[in-house]
Amino acid sequence: MKNSPTVEKLIESFTLLPGVGKKTAERYTFFLINQKNKNKILYLSKHLKELVNNIKSCNICGYITEKNICNFCSDSQRDHSTIMIVADNRDVYCFEKINHYHGLYHILGGLIDFSRCIKPENLNFNSLKDRLKTIKEIIIATNSTLEGEITATYSKKFLKKYLKDEKIKITKLAYGIPIGLDFNYLDEKTLCNAINNRNNFKGENE
């Protein structure tokens, strides 16, 4: 027996979300169908449309914003001499939750992953060149997965190529972060220690 095309399309749509398989997608779909108060569905639909129509990337760092410049880049109270390079928007969310880092960010839009054909040129590296003039420190904050380490190494080489001032520090989050673990699963203390104890990350021969 087949469901209606509308139901099947919604089930298929839910499977696009990370970690959502067919059974979970079916559960979500029939939960919505069984809602007596259809306003809940309309509420969800409204905010999904707003997400599509209102959210874009910051012209400077690539973080999510509803304006051309995000709240971090436009905040004069932030430390504009420090940039933390992260893979995606969720990483920024993790660091902001601990309220321990007060510099700026640069979002790459992913990690280098040759198995998925994600190369350096597919990520947001080029716009980083324009941000190096007034910087004193750049923190490379990719996770400790294989892809994260490859991206960190490439980031270091990229920065060394374009940095004219050798006094600018290139640092990396301290080890102690479990290998292969996403920032989203780390507690506040671990993240704070990783920032506080970050290491010099200039080059193999230095």
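One is the number of the first residue shown, and numbering goes on along the chain from there.
Heads up, the Cβ atoms here are built off N, Cα and C, so glycines get one too.
Listed ranges 58-73, 170-185; the one Swiss-Prot annotates as zinc finger is 58-73. Mean predicted confidence for the domain 'Toprim' (81-178): the pLDDT average there is 91. Here the zinc finger (58-73) has Cβ contacts under 8 Å with residues 89, 92, 104-109, 124, 127, 131 of the same chain, all six or more residues outside its ends.
Taking DSSP states H, G and I as helix and E and B as strand, the domain 'Toprim' (81-178) has 38 helix, 23 strand, 37 coil.
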